[in-house]
């Protein structure tokens, strides 16, 4: 019984990053890379995976050192740990594909100042066990990658008529160039947020109507 | 000729490739502190000041790291310098204007994790700017950040008085406005005559 509960608690830590507490759509963290590198699917996915790796590794290290780090200098220590992993990721991407590294430019180094990573270190990894922190890192990282992928697909399909470099519509397609320009990034992210807000509002409205009905019937029987 | 080149770097960072609206640096404070013009302009000034300090320090650090062939330490040393610069600004503001200190709140220490500042340091290193080029780049970026923040705050102050549907309120509307602003700033392309 308790074994099962632990299992489901772990599942919840992992899943909440994907949907309920999605770092981009719900918590509005780490907007800069979300807007800047999503002009193509490949860039978006590489960026997402790099962030996922840095987030998981720094969560792992910070949570295993959490009893050794003195409270006053914790933020500085976290940033140093994160900067180390980002340097590793930067060199790894450069070794794997110089082309992608060029396309992402300074934004790989800028993972250091991504609020998601420092936020999770402060809010979760500094207080929880190693296993939970790794799960949290994986969940949040996947949620971030998912958001980048959603944005990248819309922008590449509409702005370039292709998906991950594969041509979709043939030569007669008239691309909506705005989508791969900076303005398009703001519009697409804004539309996604609108969609999320709309879902939330509809749910709240249903809830209110349900309450009103029970209240009304309750009055009638009395 | 030489002054023209500095002017172009300044103009480029301020308007043509505005840090916020076309390079997407510093989006968090852009969405977070752009509610009131007075707060926005002061935040802009604080960021511009930190930018100037960290640009000069980043230039010096880069020279030192190249001299000892330890460029892999670049990122770590930049972030440490920026964090110290922010700490300094925080102490100065707290001493001279406690009201402003309260108004900026959590966003003041968060300047450390403002990508605009680290981005500035990385860009000037990648583009091999010399000392005075770095200086005009930092001034331009600071001015551009402040302009974007103040324009946004002005629009949002007006929006408070208009009736908008509940669903659109908040970050979604701010992003849409930012998109339109970004399109408007695209009109500056070609300015400066290359």
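Every residue number used here counts from 1 along the chain in the order it is shown.
Glycine too: its Cβ is placed from the backbone N, Cα and C atoms.
Marked as transmembrane segment by TrEMBL: B:6-33, B:45-66, B:72-93, B:100-123, B:135-155, B:167-191.
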Distant-in-sequence neighbours of the transmembrane segment (B:135-155), which means Cβ under 8 A and at least six residues beyond its ends: 6-7, 9-15, 18-21, 26, 29-30, 33-37, 39-41, 43-45, 47-49, 51-52, 54-56, 116, 120, 123-124, 129, 174, 177-178, 181
Candidate ranges B:6-33, B:100-123, B:167-191 - greatest C-beta contact count to the transmembrane segment (B:72-93) (under 8 angstroms): B:100-123
Contacting positions for the transmembrane segment (B:6-33) when only residues 6+ beyond its ends and CB under 8 Å are counted: 39-40, 43, 47, 104, 107, 110-111, 113-117, 119-120, 129, 132-133, 136-137, 139-141, 143-145, 147-149, 152, 171, 174-175, 178, 181-182, 185-186, 188-189, 191-192
